[in-house]
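Visitor: Questions regarding the structure given below will be posed in turn.
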Amino acid sequence: MRMKCESKRKMIKSVIIGLLIAVLAECFLVNYRTWESFTFSPIEGYSVDYSVEKETEEPGKVHFSKEEAVIEITDINEAVHNLYLDLQPEKESIRQFQIRISAADEGNELYYELPPLVINVNSAAGKYVKLNLSGKAKKLKIELEDLKGEAVWIKQIGLNVHKPLNLHISNIAGIFILWMLLSGLYYMRNLLKAKCDMRNKKQYCICVAVIGIELGVVLSGAFGTAKYVDPPWVHHYQYEKLAQSLAKGHFYLDIEPSKELLAMDNPYDTKLRKNLKVPSEWDTAYFEGKYYVYFGIAPVLFFYLPYYLITGQGFPTVAGTVFCEALFVLGIVMLLLELVKRYFKKTSFGMLLLLEILVFCGSGSLIVAEYPTFYALPIIMGMCFVVWGMYFLISGLGQEKIHIKRVLTGCICLALTAGCRPQMLAACFPCFCLLAPHLKKTWRLDKRVWAKQAGICLLPFLLIGAGLMYYNYARFGSPFDFGANYNLTTNDMTNRGFHLDRFPLGIYMFLLQPVNFQTHFPFMQKVDVAAAYQGITIFEGMYGGILMLHPFLWLNVFIIKMKKGLRQKGLFAFALVSLAAAIVIMGADVQMAGILMRYMCDFGIFLCIPAVLVIMQAETEIRDRQFKAAIHAGTGVLAGISVLLSGLYLCN
């Protein structure tokens, strides 16, 4: 009883200290520019000129010329420490713009350029620019490259302006969560000695707390950006439109293609469409005079269609992504618990928590949390079906007999991945490696029972596959054509072709691209890649390759080292084929889709599972206490790195 009270006191003390540190850090570290600005002497009496194309009758509004958009501040002759720039472009679509400041001061009679900056229209803190000039400033020139020819409201321009204290609850919550995770890792040293047992009330509560923190992070990321909660883009409502079409009994969208689009010989020629100003639905499949949705239909059948039939309204996409995220997190826990129960009984509770955190981060679920749009929903839904499919399959394959209902549920989950992300159907291959030995054993004992079990396992794939094949055939004339090639986006996918030269760039960006760190918050940024590939492919700036963002995935190289132990458990082929599935999916994305950050989620889980098996097997095999302690410490460090880099990614 005394130990329980002491444990509660330590927990309460840790929470209070964490809250205090979070508030103080937000006030004095994050907002240190506020306190610094109170030492500045405000400057007045300077002149401001604009490169305007034409005068406007509305005070405070300027219309920059098409040749240049420049604001020049002259007659300063004072030490300038900061610049306050509050501009509001008339076009609401312009949410951020790049500026480049040039200065002339005591050390430089002529203008010299400072590094470019990006100003976010909706960021109050970003409107204050700290300047470090050489002595007193004579004049400043601000070039607004993105605002040429635009009408802009000049709300305020100031020098040495006192910056107000700007407290963000999300920052305080983030710092507090980071503190709790770090303190949790510290106290986890005791949990690393405790055998994993969910019947233990303390372990159960800690596990629930970890899940709660992860879901809190997901909610913070998902609802942190207004434009993703309520998207302003028309093409983000495709699933809603498809639900309306299905309710009417057809697969095409109720959108009439323009006459200009219908008249084009090649409607997929993006440059020609743009040049001819042909109206079209962005990122929507267009085939034989009809618009279709080429994204997986499963989210529509599970969320959008039932919601529309019940309410007559469109289903909020962000709610679907958060729901699937919650199921995914729970699925990770259940899968790991089943692996411990079935194969790795010596795994400690602390190690289980570390592995759960690693899979949560390494699978790419936080990429979805940061980008909870209709693009991400089929991905996270597919990830859900993969982890739950693996869980039900492993839990159903008992040592004595097969629990056919669980195996059937697992097969249904795996088959449904084809309705989300067809490439995730590759999960069937590692799972078959688990199922095959049991079916082989049944074949030897009773061929009738084997036929029954094999038929039950195949049934979901046949039924769901038949439904999807009919859906494809009805739309595009082929049961195997999901329609991705007919989308109206940046390039003609129908003539995209297969090019080996795409692989080096894809492998580098998806796996090996180093993280681009910087000196100011959030300390990492997208990497601009100068691609040597001479051809058309789609890629966007990444924050780093998955092996760099989550270094624990490098442990997959030790699979061969753990071959004997994993083979005895019947997991070696499962681990190896999981890795192969990740490589195949990555290659398919590079060739057929592109190189985008969210596509890491397609294969991330297939890299995580083998790495987790390597760690579990190592903890089971090694008996030397010091070596085992080193494994625990190393896993903790790797988990800390993944959490830190994932947190910085969410802050971008």
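Each residue, glycine too, has its Cβ placed from N, Cα and C.
Note that TrEMBL annotation is computational and uncurated.
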Visitor: For the transmembrane segment entry in TrEMBL, name the matching range from 210-230, 504-524, 630-650.
Guide: 630-650
Visitor: For the transmembrane segment (541-559), which partner among 315-337, 375-397, 449-471, 596-618, 630-650 gives the most CB pairs under 8 Å?
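Guide: By the under-8 Å Cβ criterion, the transmembrane segment (541-559) pairs most with 596-618.
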Visitor: Can you tell me which recorded stretch out of 291-309, 315-337, 375-397, 449-471, 630-650 has the most Cβ pairs within less than 8 Å of the transmembrane segment (596-618)?
Guide: 375-397
Visitor: In the same chain, who gets a Cβ under 8 Å from the transmembrane segment (315-337) while lying at least 6 residues past its ends?
Guide: 196, 198, 207, 211, 214-215, 218-219, 222-223, 228-229, 231, 236, 239-240, 243, 299, 303-304, 307-308, 352, 355-356, 359-360, 363, 365, 368-369, 372-374, 376-377, 380-381, 383-384, 387-388, 390-391, 394, 612
Visitor: Determine which residues of the chain contact the transmembrane segment (375-397) at the Cβ level, with the cut-off under 8 Å and only residues 6 or more beyond its ends counted.
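Guide: For the transmembrane segment (375-397), the list is 239, 295-296, 298-299, 302, 317, 320-321, 324-325, 327-328, 331-332, 334-335, 338-339, 342, 363-365, 367-368, 403-414, 416-417, 420-421, 424, 427, 431, 434-435, 438, 598, 601-602, 605, 609.
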Visitor: By Cβ distance under 8 Å, which residues at least 6 away from the ends of the transmembrane segment (630-650) in the same chain are close to it?
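Guide: Tertiary neighbours of the transmembrane segment (630-650) are 174, 178, 181-182, 185, 188-189, 192, 217, 220-221, 224, 348, 350-351, 354-355, 357-358, 361-362, 366-367, 369-370, 515, 522-524, 543-544, 549-552, 615, 618-619, 622.
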